[in-house]
Amino acid sequence: MFCCTNVDQTCGGAGGALRMVDAMRVVDACSSARPRTVEEMPSSPVHDTDVDVDARELEDVSQRLDVKDEEDEEDSDGEEVKIVEMDNKAENDTVKDKRELKLEGEEEAKRQKQREELDAARKRMNERNLETWMKTHGLQDVNQKKQMWLKISYSYPLHAAVEENNSEIVQCLIEAGADKTQKNSDGLTPEMLVRKRSKKLGINRVWDDTLRALT
């Protein structure tokens, strides 16, 4: 749309009321069609209710962010607590294991000491019994050869103990170093003599302890 800014040019310089009125109408139309500046544009009124709504929304968002931060912090603290608890449990288990191992070691040491004391007591008793038995038979050594029947026959302490079926003395003689392979004048070892006697008498179980001591 073409708008004239000079009234005289629009009206062609000819005066007259009608032409002047028409020219003024054209100017008004051009003025109304011209874009208005920011200053000329009407401003929308800002209501307090709109400001309050925006403030509430900002506050709600801020609160939600604070809650989320607190939850994240709580989760982090919870994980740290769990890690600390696991570390403490592992440490306690280690201490418990060490304590139990120590107690087990102490108990085993006590049992071992008791076994050693019992073995020592049994050994002393066997030594006394053997000493008494050898004196009774006139023997000085556990491998001493003893002549019998006009020195024609002979045997050794183990043979004498076998003849008596004395399994305890047989065991004591062996522990003291008696030789199980020695043969008497009949060519029998102590074990062979046990088997011969048990077979002859037909009461094998009576000789079982003596035989076990020799085998």
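Glycine residues also receive a Cβ, built from the backbone N, Cα and C atoms like all the rest.
Model, not experiment: these values are computed from the prediction.
Pulled from TrEMBL:
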COMPBIAS  47-67  compositional bias 'Basic and acidic residues'
COMPBIAS  68-78  compositional bias 'Acidic residues'
COMPBIAS  79-117  compositional bias 'Basic and acidic residues'
REGION    33-117  region 'Disordered'
REPEAT    153-185  repeat 'ANK'
Can you count helix, strand and coil residues in the repeat 'ANK' (153-185) using DSSP?
16 helix, 3 strand, 14 coil
In this predicted model, what is the average pLDDT of the repeat 'ANK' (153-185)?
94
